[in-house]
Amino acid sequence: MSSAILAQAHSYLSGIPLEVISQGAEAVVFLTTVHPYLSESMHPSDIQISSKYIIKYRPSKTYRHEILDKQLTKSRTAAEARLLSKLYSLKIPAPKLIALDAPHGIIWMEFLGFQLPNGHISSLKNWLWYLERQQEADTTATIALSDTVKQVLTLVGQAIAKLHLQDIVHGDLTSSNILLEQNIEELQPTLIDFGLSSYSPLAEDKAVDLYVLERALTSTHPVYSEKYNDWLLQGYEETYGGKTNNKRKYAEVSKRLEDVRLRGRKRSMLG
Amino acid sequence: MPYYSLGLEGSANKLGVGVIEHPLEKIAAYNHANVLSNVRDTYVTPPGEGFLPRDTARHHRNWVVRLIKQALREANIRPNQLNCICFTQGPGMGAPLQSVVIAARTIAQMWDLPLVGVNHCIGHIEMGREITGATNPVVLYVSGGNTQVIAYSRQRYRIFGETLDIAVGNCLDRFARTLQIPNAPSPGYNIEQLAKKGRHLVELPYTVKGMDLSMSGILEYVDNLAHDLFQGKKNKQLIRADGSKVTVEDLCFSLQECIYAMLVEITERAMAHVGSREVLIVGGVGCNERLQEMMGIMAKDRNGSIYATDERFCIDNGIMIAHAGLLAFRTGTRTPLDQSVCTQRFRTDEVFVSWRED
């Protein structure tokens, strides 16, 4: 990452230790040990909660026109923070919001995830890649398509469904925007990066959400994507089940998804 | 003896013929392909009009023999030295594609050479890689008919993001029609020149959807602004902060700023997603200096590098078809006569990339 971005972040967050943990397309994610509201005399480790926090910083994009850039940074940061607090009140798994500085593009939030045995952070993408590598080394095993994978992907589907039932669309679902948390026995997926999220009651937008993830899975996990996607949609359907009203909503989204799949440009129109 | 192939391209309003030479052994950084000739003729329509398939096809039929002769003469190659005839099989406009494929079939039978059908997008990507030396870049393919962000994985060029409606070049071309500015050398070039004089940013919709984008709404919006401007209608958006009026130049500037920012954003997202530091811009809109500049700034912020080519290889040309076709030919690909049908819909990820080993 360029030093200019780092310098800018340090100027907005003076005196706060920042460790870069990832640079996404839009934001830099820092790890810090300082809680924004604690007085100097108190150390975060003195209190009973985690002493790790995430700072998500949207640097200004110098390639964009200044006005356009300021507007996008501010609106996206504020929208993301609003959504995080909304998700918390709805009890949908997502990082908890701690603090916000929208004009500078800074969000302070809870730390999630853990390190995989190969040292990478536990995003769904890294985890699946890790399993797929193992699978390649030992072709007789079924690591990449094990029951654990099935369960995790079903849970991912359920999480997305919960979101959609509240008329929230994520807007940028990929396997790197899903983090895995180590619960006692099982892995619990959590959605992150709500930078492009919005509210929408339309089946269309929900179907596009699912389609974007489907495409991301196909391009990042080409060999197993079909199974992954089936499991995901299973979980999605389960959560919609139950009430007849929701079943109707599911049918609508599902039908739209078929349409959206056909809509990509220059698809062969056989049959 | 090295390999030679002749490529024919005519998927839109450019007719291109090129002859390429591949030295023996694998093509690599130390073993370059040689461009022997690369000739092109563009069908240009009057201001305010687009090119219609039938007229474009007639243009191609009128010029194809002359261009093939010229390409062979410039390359100093006789037909019996060629290894194969490569042609664009799709995607593109039906009628122009068809008239060029007929030319390809004819010379292939006259000279008794095998045919190789080439995907137009793959042609752009492979030529871009060959000219710039980029090894495994994220590719932004932007032209009049296509807008895709592509990355290579397991023998296929996979599409990570693309337009959900119209292509970026199409958006620019149609805005140029609204403005009634000349189509020569290209509508996009003329918009670029006007945009250089624009200063004031008019707010336009910004429609990135994950790694995809949509441009039809922006076109409609800016078209309406232009109509209001020409008819002198009152519109708050057409007044600058200092009270003076927004100009056509400002509209071109704003349109470029908006859609190129969207393109750079989705490219950056794809780079972050696949963990690549290289970006290659191909396709006609890739000539745009502002787009190249913006992409360069983005790449620099990521400690990466940008690869772009000039108009000889960005704009549709025959040499890229010859090059990609010859790569496929050398790994055993042939297109039998009865399968040499061209198609308007031919996705980049349908092609099995047999010539890459990574």
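Backbone N, Cα and C atoms are what each Cβ position is placed from, and that goes for glycine too.
Annotated domain 'Gcp-like' per TrEMBL: B:36-322, in sequence order.
For B:His124 (divalent metal cation binding site), applying a Cβ distance below 8 Å and a minimum sequence separation of six or more within one chain yields B:Tyr141, B:Ser143, B:Val282, B:Gly283, B:Met320. Here TrEMBL flags B:His120, B:His124, B:Tyr141, B:Asp316 as divalent metal cation binding site.
Residue environment of B:Tyr141 (divalent metal cation binding site) contains 27 other Cβ atoms, counted within 10 Å of its Cβ in all protein chains. B:Tyr141 (divalent metal cation binding site) carries a strand DSSP state (E or B). Residues or ranges marked as substrate binding site by TrEMBL: B:Tyr141, B:Val142, B:Ser143, B:Gly144, B:Gly145, B:Asp173, B:Gly188, B:Glu192, B:Asn288.
Take the mean position of the Cβ atoms of B:His120, B:His124, B:Tyr141, B:Asp316, the recorded divalent metal cation site; other residues of that chain with a Cβ within 8 Å of it are B:Ser11, B:Cys121, B:Gly123, B:Ile125, B:Ser143, B:Asn146, B:Val282, B:Gly283, B:Met320. The binding-site residues recorded for this entry are B:Gly145, B:Gly188, B:Asn288, and the Cα of B:Gly145 lies nearest to that of B:Asp316 (divalent metal cation binding site). When pLDDT is averaged over the domain 'Gcp-like' (B:36-322), the result is 94.
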